[in-house]
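Feature list, courtesy of TrEMBL:
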type     : residues               : note
TRANSMEM : 109-132                : transmembrane segment
DOMAIN   : 175-353                : domain 'Aminopeptidase N-like N-terminal'
DOMAIN   : 387-604                : domain 'Peptidase M1 membrane alanine aminopeptidase'
BINDING  : His458, His462, Glu481 : Zn(2+) binding site
ACT_SITE : Glu459                 : active site, proton acceptor
DOMAIN   : 686-1005               : domain 'ERAP1-like C-terminal'
Amino acid sequence: MESFQNDRASLPRNMIENSMFEEEPDVVDLAKETPVYPLDPEDVVYEPRSSRLLVRGLGENDLDEEEEDYESSARLLGMSFMNRSSSLRANASPYTRQEPPGSCSMPSAWTVVVGVFILVVIASVAMVIYFLPRCTFTKEGCHKVNTTMELIYPISTSGELFPWTKLRLPGNVRPVHYDLLIYPNLTSMTFEGKVSITVEIVDDTSKVVLHASDMKITKAIVQDKEVKILEYKPWQQIAIKLPQEFKKGKSCVLTLEYSANLSNSYDGFYNSSYSDNNGVRRVLAATQFEPLGARKAFPCFDEPAFKATFRIKIKRNASYISLSNMPKNNTIKLTDEIFQDEFENSLTMSTYLVAFIVANFTSVSKNVSGTLVSVYAVPEKKDQVNYALETGAKLLEFYNTFFSIKYPLRKLDLVAIPDFLAGAMENWGLITFRETTLLIGKNSCILDRQLVTMVIAHELAHQWFGNLVTMKWWNDLWLNEGFATYMQYTSIMKVFPDLEIGNDFLSMRFKALAKDSLNSSHSISSTVTSPEQVEEMFDSISYEKGASILLMLNSVLSEEQFQKGVIEYLNKYKNKNTGNEDLWNSLSKVAKQTYNVTTMMDTWTLQKGFPLVTVSRNGSRVKLSQEHFLQKVDSDSSTAKSMSNNLWHIPLTYVNDSCSLSPACKQLLLLKEKTGTLDIPKGVKWLKFNFRNDGFYIVHYGEEGWKDLIGALTKNLTDLTHEDRACLINNIFALSRLGKVSFRHVLNLLEYLENETETAPLMEALSQLNHIYRLLEKRQDLNLVARMKRYIFGHFGELMDNQVWEEGLSVSQKQLRSSLLELACNYRRQNCTDKAKSIFENWVASNGKQRIAGDLMKTVFSVGTQTESGWVTLLQAYKYSKVDAEKRKMLHALASTQDILQIVWLMKASLEGSIVPTQELPLVLSTICKNFPGHLYAWDFLKENWGEIAQRFPMGSFPMQSIITSTTYQFSSKMHLLEVQDFFGSLKERGSQLRSVQEAMETIKLNIQWMDNNLEALRVWL
């Protein structure tokens, strides 16, 4: 799945451990981990204590084998024991109540003796009963002695005991085939369904547990016998009691009839809408099942390892078409208005890849090597589908050849959905996209085409990595997303070299390093239990770091060996599920190396973070050492110390002044220990490690090493590749944040930029400096803000002023121009704002017909919206534009306004969703927060509307991560830190333990620390 953030497809894309119940005086909770499965983050409903059943004294025959793991169940659910001593403690008070004099006469001695005797008799009987095993004053009487630990089972919605105690489904049965009939009603926004699931019995069992959510099951039949359904909503599970015990190796068919509402969020089977050319609202229904949405459309075994085949039938109104994963087999006319489309049996696949759509779409098609490739869109945008069709066809041919496995389906549909949260979704044979990531208008610029190409390349790669071979569980999501991200860049470099995708890949790796340097990061292959943890795996680590370590491995093995290993992996595990080790084992088989690939790569996937390599040179002897590159908050005792015992097997590459530009110059050393040495020729002037930044590590060269490299850049910058120059800039800023070098060293390196002309190093320097500028701006240190702006203009001002505003540049030149002019106008540089204002006024005067270069639209529109009339004009243009790439640029400009009333209105409109789709709220908030006027309003908006935001976006999802990060990452004061801590701390199970929340607080602490350490130095050096 393609995560989507801001104005580009960020190709990167939880454990919540709160107490389920409050403490009660008579109950001691021995476990606090919450196994809940919140359906509605705004109103999470947990089972109260009164609804749970203490099951005591169950005999050995009372439990199924699957239920005997009571110890792990207790840890999962929380185990409570009656604390009998509480009442005794209560009665043991040292305080006695004194009666007033004369209130009662003293009893006679006889009365006292009789009373004491009666009390002794009663107490004796009570003690006998109490100490007999499991005897009570009920009709149950006395039970046999039982040493089994007390268990707690959830209570189903009917009040009966639910027979399963874990979030993960049992393995007693496996689905083999689904027959699914779906009938959506796009008037009432409901749907009805019937599913028959053929299951294979893996272990003797008398029950089946599977997933279902937000639906009413009206009938359940097993082998022609109607059976009862139990439901436990917090875990989105249902249990079926089989009519008799089924033995291992047998099979049976479960048939369930149900009804539900079409979802009004962006997952499950949800309703979408758009306005046609006449302004009429049109509706459709589409699916988004990854990661946990299939259970909202039909009862199923909704875990990746439960692969099965599917035969899908869809009833629809005559005015609509239906699409699903497989080609259509036939259509049956049921009435004059209702038709039933029946699709071919699918290949074996996981439930999250199932998809179906009912809509009024049109398409264009093309046959590619026996596969019919089609692109679908709403009728009003049919003229925008041709680029995607041609691009998809070329990439499909490339992947067929590269993987040596032909795409296995007879059709491949690419569908643009008007309301879609992710960037795209790789459903097998029916890939769904945002309109922005699939459709290209006739006047769209090459950067828009680059974005669409990247997303298509990513999703087509998933047809092999993810669909044909699928991870066993979400902990290894990177096997899907990391590989798809890596292949999107690899394929575009081969098939579309004119798109110059290399700079984007380099920038992506820098972002991954920044994210993974935090203590709140996680290993690529991580423990995943709760739904929130599953959602949070769709992040920069799974996507970007996953792709980065594959690039590193490819650079070590060679492209040929790497490709052979990939083909070996796909062939061996075709139609199966895999884990982390399966990929490395396949690559090890073909690798012609002296070291073990599995052992090496485990150090990169099973521990978080990455290494800092320190280089110190003494003549011809070079000493190398490694440590965990971890940004630490010095004053925070909760921040983990650098993992000194963690070591990486680092494939160190290096070049020197005698040969530094060609891959043939690259030399390799595997650093496996804490330290190592390297001998070099005596005449070597300088060393540059991590050739072209292909490795996932940062290098510190020491005082002399940095001096030598800065001298080389100053003398002749072309002695190093542009990737290596960008790498040096990135590394020295990172080392400055770590406290390894002073900011003076950073400024010394940047002096060479007056001669720099390449996009990658210029954009990296610009990005790093702009981040510091924004932090200073948010602190309102106006003197330093002015000096930082003067410094940036001193190094980039001439380059900004020399940019042309017309078409005709290469992709990298347009990327650089876009960044330079966007920053110049945002900083109110006169040359830029005057030109942009003039272009905007001419565009308005032409009624939007005068063409603006696509890469400059954001800049021009942002300047135009600084007046009230310009903002209102652009809002009207946004409402009626049919080109989605342009609409997003307009929305970015609308969110760049300095007017507080407009900012507040836009945030509310984005959340409400009628004028601005709710899917764009992350973009709106991110853009607002970049500028000073609105960043505090955005933070307040988040706090005031958290409940509704949490309803619209799944907890832990990529959009939620974006919202939390963008509204907090520029805070750098203790006051804001306390405010963020207090707010998220008050949420408890509604978000306080999200990884993105921990990252937000860690980032603020690091910002505070950086400011404390560098403000005075900045005042001296700027």
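The backbone N, Cα and C atoms fix where each Cβ goes, and this holds for glycine too.
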Across the domain 'Aminopeptidase N-like N-terminal' (175-353), what does the pLDDT come to on average, as a whole number?
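The average pLDDT of the model in the domain 'Aminopeptidase N-like N-terminal' (175-353) works out to 96.
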Output the one of Glu459, Glu481 that, of all these recorded positions, has the highest number of other Cβ atoms within 10 Å of its Cβ.
Glu481
Cβ within 8 angstroms of the Cβ centroid of His458, His462, Glu481: which residues besides those meet this for the Zn(2+) site?
Met1, Glu2, Glu426, Glu459, Ala461, Phe465, Gly466, Asn480, Phe483, Ala484, Thr485, Met487, Gln488, Tyr543
Radius 10 Å, atoms counted are CB only; among the binding-site residues His458, His462, which position scores highest?
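The residue with the most neighbouring Cβ atoms within 10 Å is His458.
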Quick one: Cα separation, the residue listed as 'active site, proton acceptor' versus Glu481 (Zn(2+) binding site), in Å?
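A Cα-Cα distance of 10 Å.
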